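Notes for the one structure printed next.
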Amino acid sequence: MRPSPVSKRGIVTDIQRASLHDGPGIRTTIFLKGCPLQCLWCHNPEAIAPRPQLFFAEERCVACGSCEAVCPNGVHHVGPSDHAIEFGQCATCSRCVDECNARGLRIVGKEMDADAIMAEVLADVEFYRNSGGGMTLSGGEPLYQQAFALELLNRAKQMNIHTCVETSGFVAAKKFEAVLPAVDLLLFDYKATKDEDHRSFTGVSNELILANLDTAYQRGNDILLRCPIVPGLNDTAEHFAGIRALDEKYPRIRGIELMPYHDFGNSKRPSIGIAEASSQLRVPTATEPGQWIEALNGLGCQKVRIG
Ligand code: SF4
Ligand code: SF4
């Protein structure tokens, strides 16, 4: 088999050091830009588009008009009570960003090379060793830039750094398989049991996702299932039965984390010029996550917890 191609440059939205929520121990999480899904509840909407894009923080804007004056593409229209932005016309040249003293504008996503990223990852190697942590690739869907993700994972493994990948599993089978040897722990999403629901919540079928999950399991990868739960959408008996079915089918899975919906992503949507989140979405009450755990325990699912 020919080795899978790697890429030494990729588009990154953020690098978070000392992260405690993206796998075991203290980690450095690299957020890669681009995702083929459109989850209704997405909390990182600025990571969906694969290219860098303009981000407008309206609350900082003092309506000085400097951005409008400098933009070569006529993107900004600044009035006394309104700042309209034609996001589709933006060429991400950064001129308005540099001109805005109020720091109301920025470009999300920048091209970085693997050397620069690994230098940041290596800076915290002592923390990884002492805490059982390492490097996590997140997104977006980190395997959307599969060749770059593979380069980062291979480099981490060469340096004996533990690797996690947070994935929707919606990746071409060959590309998915190619990264598995370099992944110590897969944080694998399971969003809906019925294919029809999966399509309606995310825009894609779960067929490829389930096939990739099966491949990873059969190849012996360590897997933590992550299940985003949105009240009224997928907190159903049918979906919980589906989670339990995977738990039974794949007994070696490390655990199941339920991820209660939060609405932090909603406020970012107007900042990048995309439609408001669906009105179907509701943040769970304080007691609902406990009830979900009870329901799954009642089905015989014991290794479930709130993530
Ligand atoms: S330059 Fe900044 S503060 Fe001035 S109008 Fe543009 S976004 Fe607002
Ligand atoms: S980044 Fe460049 S093209 Fe985009 S709005 Fe700012 S000045 Fe205009």
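Here the Cβ of each residue, glycine as well, is placed from N, Cα and C on the backbone.
Worth saying up front: this structure is predicted, and the values here are computed from it rather than measured.
The annotation domain 'Radical SAM core' is assigned in TrEMBL to 21-299. Per TrEMBL, domain '4Fe-4S ferredoxin-type' is recorded for 52-81.
With DSSP states grouped into helix (H, G, I), strand (E, B) and coil, the domain '4Fe-4S ferredoxin-type' (52-81) comes out at 8 helix, 7 strand, 15 coil.
Looking just at the domain 'Radical SAM core' (21-299), the mean pLDDT is 96.
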